Amino acid sequence: MSISPFRVDQNTPDTPNLDAESKAEKAEVEQVEDVLNQTPYQPEELRSGGIFNWLQKKNPSPQFLADVAKMNETELDPRKVKHVERKIDLLIMPALAICYMFYYVDKTTLSYAAIFDLKHDLHLGSSDYNWLSSLFYFGWLGWALPTNILMQKFPLNKYLAFNIFLWGVLLMAQAASRNFTELAVLRVLSGAAEATADPSFVLITGTWYTRTQQPTRIGYWYLANGFGIALGGLFGYAIGHIKGSLSSWKYEFIIIGALCSAWAIFMAIFVPDSPYFSHWFTPEERLIIVSRKRGDHNSTDTREWKPAQVLEAFIDPKTYLFFLFGFTANVPNGATSNFGTLIVQGFGFDTFQTTLMQIPYGMVIVAFILAAIFINAKLPPGYRTLLMAVTNVPTVVGFAMVAWCKGTAPRLAGFWLTGASNATFVLGLSLLSGNVGGQSKKAIASAAVFLGVAIGNIVGPFLFKTSEAPTYYTGVVGCLVSRALEIVIILILRVIFVVSNRRKDRFVAEGHVRYDERSTELEDITDWKNPAFRYVTVSPIFDPVERA
């Protein structure tokens, strides 16, 4: 019989000898306690039926943190760590991948609707489609900061699931739109609901995985972006062949929205909010999940809002560079997400051929992300930002091919090549999750990135002029310039990371800074205040136990 590390032994030297019956009863009680310790944990608020308590964010208890600190004093068993990480991968990675797939399919459904006569049925004017593309991100922009704050207040997974449910509901409602105004209002609300997506995905990844593992895991769930594009093409092709009483574009909104909301319900029930209260892990496994992050120097998941960290975020130049990174990366994204099908259709394809051409585009994205993950694992330390710059070069070349090449084949190949930038953004997201210390500061930095994402996506569609259809020369060249500027931003971030690391190393070597590394591991402190914090410009993949 195993002994629970959390049981208080009530036998003392003064306890009288137990008779056989009492001993049997005591053994039975201990057996039940052992079963409870090995049974998936159920929070007390769920057992008591308090739904409002269930929806409240709970920080780890002092006892839990004390147990983690005690475990940090010993070496972890590599076999146990690997077992726990396999469980995390099987639970968290598929959930995030499906979320991201719906995230991309949801926001690009408009582009498929556009080639199925949405413009004609709603009597859209020359710039109305541009506005419908951009208004989505007005909603995102207005809700980006509030949603990051709310993520600090509520259980992260349940808050994300609630928003995903809204994605589906609002998408289905768009099928009932009768004019530009009705669809515009729903697009703004949809954008607000989706503002939580990327920041919450990054926070969830940071909660469950070590800093060295985060680039790879972010890459894995971001692969669903490519699969989502491919699946969107298949959905568009299949749904377009439905012969019903409604227009094809209405079926697009209804079917995809219904699937999205159904997934949200499943996620809210089965995917845990944090390692501390997860019923999928035993008490020992929950300790291991946190303890294996002891080298991250920011391993707690506290949701306390700290004004000092917020102030530091606003005076840190990296916050503004993260914003510019999000902006320059998403001017092209806002364009291709909404005009990609129209660009491809302009190469000479009919409606159904255009939907099918999105499948290879999605697979190119998957291939570039997998290649970036593999190369990132093989490079020596210090090269991740350089890899980000290199993966963006094919995108610049691709837009140049679309703008200036003649003939369908080279222009289509160039369009597919623009998908390489998705690998750049994957590595960029891991830069944020691994290079900002302090939960409140990280929330502001995350909001800055996705504020840039929103503004970039607002600007992008307006580069595409209806008068230039189907070539959209100004828009394509604008995307090329934005990607080139993104490379410059990446290289500036690299310089800041390297210089800051060298300065901290020099202060420590000269004896100006002294600290106990273990004392910083469970504290919620920022990268500026933590003398043990080092910025990560590359994260090679290796067993995290080696760092313990």
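Cβ atoms here come from the backbone N, Cα and C positions, even for glycine.
What TrEMBL says about a protein is an automatic prediction, not a curated fact.
The feature compositional bias 'Polar residues' is assigned by TrEMBL to 1-15.
For the domain 'Major facilitator superfamily (MFS) profile' (92-503), the model's pLDDT averages out at 88. The domain 'Major facilitator superfamily (MFS) profile' annotation in TrEMBL covers 92-503.
Summarising the annotation, TrEMBL assigns region 'Disordered' to 1-26.
Through the fold, the transmembrane segment (88-105) approaches residues 160, 164, 167, 194, 197, 201, 204-205, 208-209, 217, 220-225, 227-229, 231-232, 235, 256, 259-260, 263, 267, 271-272, 280, 289 of its own chain, all at least 6 residues removed from its boundaries and within a Cβ separation under 8 Å. Annotation source TrEMBL lists transmembrane segment at 88-105 (among others).
Look at TrEMBL and you will find 129-147 (among others) tagged as transmembrane segment.
Summarising the annotation, TrEMBL assigns transmembrane segment to 159-177 (among others). Long-range contacts of the transmembrane segment (159-177) within its own chain (CB-CB distance under 8 A, at least 6 residues past either end) are made by residues 99, 102-103, 106, 109, 122, 147, 150-151, 183, 186-187, 189-190, 193-194, 196-197, 200, 204, 246, 249-254, 256-265, 267-268, 271.
Long-range contacts of the transmembrane segment (218-239) within the same chain: residues 93, 96-105, 108-109, 112, 115-116, 201-202, 205, 248, 251-252, 255-256, 352, 355-359, 361-367, 369-370, 372-373, 419, 422-423, 425-427, 429-430, 433, each at least 6 residues beyond the stretch ends and with a Cβ under 8 Å from a Cβ of the stretch. Residues or ranges marked as transmembrane segment by TrEMBL: 218-239 (among others).
As annotated by TrEMBL, transmembrane segment applies to 251-271 (among others).
TrEMBL lists 359-379 (among others) with the feature transmembrane segment. Same-chain residues lying 6+ beyond the ends of the transmembrane segment (359-379) with a Cβ under 8 Å from its Cβ atoms: 215-216, 219-220, 222-223, 225-234, 340, 387, 391, 394, 415-417, 419-420, 422-424, 426-427, 538-541.
Taken from TrEMBL, the feature transmembrane segment covers 386-404 (among others).
Distant neighbours of the transmembrane segment (410-432): 198, 202, 214-215, 218-219, 222, 225-226, 322, 325, 329, 332-333, 336, 340, 343-344, 347, 357, 360-362, 364-365, 368-369, 371-373, 376, 384-385, 387-389, 391-395, 397-402, 442, 445-446, 449, 479, 483, 486, 490, 493, 536, 539; these residues of the same chain sit at least 6 beyond its ends, with a Cβ under 8 Å from one of its Cβ atoms. Summarising the annotation, TrEMBL assigns transmembrane segment to 410-432 (among others).
Per TrEMBL, the feature transmembrane segment maps to 444-464 (among others). Long-range neighbours of the transmembrane segment (444-464) within the same chain, counting only residues 6 or more positions beyond its ends whose Cβ lies under 8 Å from a Cβ of the stretch, are 129-130, 133-134, 136-138, 140-141, 144-145, 148, 191, 195, 198-199, 202-203, 309-310, 313-314, 316, 318-320, 322-335, 337-339, 429, 432, 436, 472, 474-475, 478-479, 482.
For 470-497 (among others), the entry in TrEMBL reads transmembrane segment. Panel annotation: around the transmembrane segment (470-497), residues 317-318, 321-322, 324-325, 328-329, 331-332, 335-336, 339, 342-343, 345-347, 385-386, 388-389, 392-393, 395-396, 399-400, 402-403, 418, 421, 424, 428, 431, 435, 456, 460, 463-464, 535-537 of the same chain, lying at least six beyond its termini, place a Cβ under 8 Å from a Cβ of the stretch.
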Tertiary contacts of the transmembrane segment (129-147) (same chain, 6+ residues out, Cβ under 8 Å):
107, 110, 114, 119, 163, 180, 183-184, 187-196, 199, 334, 337-339, 447, 450-451, 453-455, 457-462, 464, 466
